[in-house]
Amino acid sequence: MSSVEHIKEGRSRPSFPLSLLPLVFGRATPGAGSPAILALLMLPGLIIVAAFFAIPMALVAMRVADGPDGLATYFVILTNERYLASLIQTLVMSGGVTVTALILCGICGLFLVRNRFAGRNVITALLTLPLSFPGTVVGFMVIMLAGRQGVIGSVTDALWGEKIVFAYEITGLFVGYLYFSIPRVILAVMASAEKLDPQLEEAARSLGAPTWRVVKDVILPGLMPGLVSSGAICFATAMGAFGTAFTLATDIDVLPMVIYTEFTRNANIAVAAALSIALGAMTWAVLAAVRVFVGNGATSGTGGGA
Amino acid sequence: MRRDWKFYSQLGLTIVLCLFIVVPVVMSALAGVTVNVFKGLSSGLTLRWVFEVWDLYAQSILLSLGIAMACLVVTLLAGVPLAYVLVRRPSRMMRLFEELLTLPVAIPGLALALALLITYGGVSGYRSSWLFILTGHVLFTLPFMVRSVAAVMAAMDMKMLEEGAASLGAGFWRRFFGVIVPNAKPGILAGALMVVTLSIGEFNLTWMLHTPLTKTLPVGLADAYASMRLEIGSAYTLIFFVLIMPLLIAMQALADRGKRASRRIDTAEDTL
């Protein structure tokens, strides 16, 4: 196909590297640029990804394998008691944040799509406010809420004469990740809720289905793709986030904090690299699994930050 | 619609969630302009802390804006052509490349920063310049630009547009800059806003990549939270809010316009 085209355009057969181009770019379609032009268009992006991502990642992976413990370093996350404990703590907290955010945003997102009332648009805009706050700012918001000078502390102090402060521990981190996740999940829920067909619900009700059955059999399946994909992003972000924990306290033992201390304070580069590759592989696997489960494009557009 | 206890309990929960988001923002904004936070608002309002932050951190704030602009230029130059190729010539190899391109979003910034440090940490002129931070920001934001532009390109009938332009005698570059790029403008604009917002707020990577001479806005923030009085941290946060808010509002407006446009198309198709 491509060689026919070249003859038609009055060109000789391309030399070896150029003859590979149609293989990379698929079949020629009329109107698009020639393979050489397409290659040129791709070049800047290709160079960036290769030189600053693919090659450094490969070098790090090799560096770990060349280290004192070789490939076994990758499993240190499972064999070392401290790392394993931190992995479990990180997994449990990220899972907890994800489930909490999904339940809260599921209810509120559906409510905001289904009802029209004064102030609805303002509430929606406010709920998506922290969308691009960096993790450090989210941490500061938690301090404002539950720190030594925070609202919760002042209110409980006034009510019971006892200041409740939980910003500088794992509970504070949980609150911070929830703060960060709400905008993402609520946007996803609202997008899927707008596509739900109210007639299906009407039909289920008119057939005598009780509310819980309508929710379980009609609403939840409709929202599922949005819930699953935003939940995955929520989970992945919570697993890898660093700024919030860094602002709240440096002794919260979540995995990114452990990696940071190994690298900076203990200069244990091989272990830090192995841990971060393991963490990266886990978050990537969660996102990839979800993409296979709900179809391509589900995990695009959101993410980043924290 | 009937308004029963279910309506009001859901409304209540929504309002509580909304307060959870808004109260700390308002509190920190107020603390940034209060004379003494420990005494409360009654101590009076002042802009003193804001000016003090500017004196202390103007350089990091300006550096962040500079890096965000440079990041925008690089992601535009690399991302728009890349999106075109990905949409125009989908193949298995392309999909693999797209996966590789998006990976820096999925894996933690810490891992990415470690890889960059281990590979390029020894190149001293590069390691100590702001270009090192720019590299991280480009890796992290490029996928957002490509996705945003590709989504718009996939929705338009590029084949027909290009064939039309070609039949009128337009060469490839003429078609690319005269037809493709103008038609992809909404995607480019949305991607650009996203890239600038993400770059200004990026911390995970930047904290590892920065040097004492290349501190960005969020790095300065972390520094202020850790070592300055609460009013300074709050005033700095306030400056960040003021910087980021117009970007967020523009993004929201753009998304709304896109939604309305697609709804118009839907109704037009319904009436046909």
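Counting begins at 1 with the first residue displayed.
Cβ from N, Cα, C; glycine included.
Summarising the annotation, TrEMBL assigns domain 'ABC transmembrane type-1' to B:61-251.
What TrEMBL records for B:12-38 (among others) is transmembrane segment.
The transmembrane segment annotation in TrEMBL covers B:58-87 (among others).
Under 8 Å from some Cβ of the transmembrane segment (B:99-123) lie the Cβ atoms of residues 82, 132, 135-136, 139-140, 142-144, 146-147, 202-205, 207-209, all in the same chain and six or more residues away from its ends. Look at TrEMBL and you will find B:99-123 (among others) tagged as transmembrane segment.
Taken from TrEMBL, the feature transmembrane segment covers B:129-155 (among others). Under 8 Å from some Cβ of the transmembrane segment (B:129-155) lie the Cβ atoms of residues 63, 66-68, 70-71, 74-76, 78-80, 82-84, 86-88, 98, 101-102, 104-105, 109, 112-113, 116, 120, 180, 183-184, 186-188, 190-192, 194-195, 198-199, 202, 205-206, 209-210, 214, 216, all in the same chain and six or more residues away from its ends.
Per TrEMBL, the feature transmembrane segment maps to B:176-200 (among others).
According to TrEMBL, the feature transmembrane segment maps to B:235-255 (among others). Within its own chain, the transmembrane segment (B:235-255) has Cβ neighbours under 8 Å at 25, 28-29, 32-33, 49-50, 52-54, 57, 61, 65, 186, 189-190, 193-194, 196-197, 200-201, 217-218, 220-221, 224, counting only residues six or more beyond its boundaries.
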